[in-house]
Amino acid sequence: VATVDCSDYPKPACTLEYMPLCGSDNKTYGNKCNFCNAVVDSNGTLTLSHFGKC
């Protein structure tokens, strides 16, 4: 199972680095920071589906 450590989030700003992750909402997030901020916003209901684009 793919996991991402989001314990250091949320962060006020994310870099433009492109390392896509696919969320359980079937949405592609541009990088870990964008994904983790979304995880925090979802109160933990969003999880990582897999690394790479959906």
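In case you wondered, yes, glycine gets a Cβ from its N, Cα and C as well.
Among the features that Swiss-Prot reports, domain 'Kazal-like' is placed at 4-54, with the record citing sequence analysis. In the domain 'Kazal-like' (4-54), the DSSP tally of helix, strand and coil residues is 10 helix, 9 strand, 32 coil.
For Cys6-Cys36 (among others), the entry in Swiss-Prot reads disulfide bond. In sequence order, Val4, Cys6, Asp8, Tyr9, Pro10, Lys11 constitute the residues six or more apart from Cys36 (disulfide bond) in its chain with CB-CB distances below 8 Å.
Spatially close to Cys14 (disulfide bond) yet at least six residues away along the chain are Gly30, Asn31, Cys33, Asn34, Asn37, judged by Cβ distances under 8 angstroms. The disulfide bond annotation in Swiss-Prot covers Cys14-Cys33 (among others).
Annotation source Swiss-Prot lists disulfide bond at Cys22-Cys54 (among others). Of all the Cβ atoms in the protein chains shown, 18 others lie within 10 Å of the Cβ of Cys22 (disulfide bond).
The N-linked glycosylation site annotation in Swiss-Prot covers Asn43. Just so you know, the Cβ of Asn43 (N-linked glycosylation site) picks up 7 other Cβ atoms within 10 Å once every protein chain is counted.
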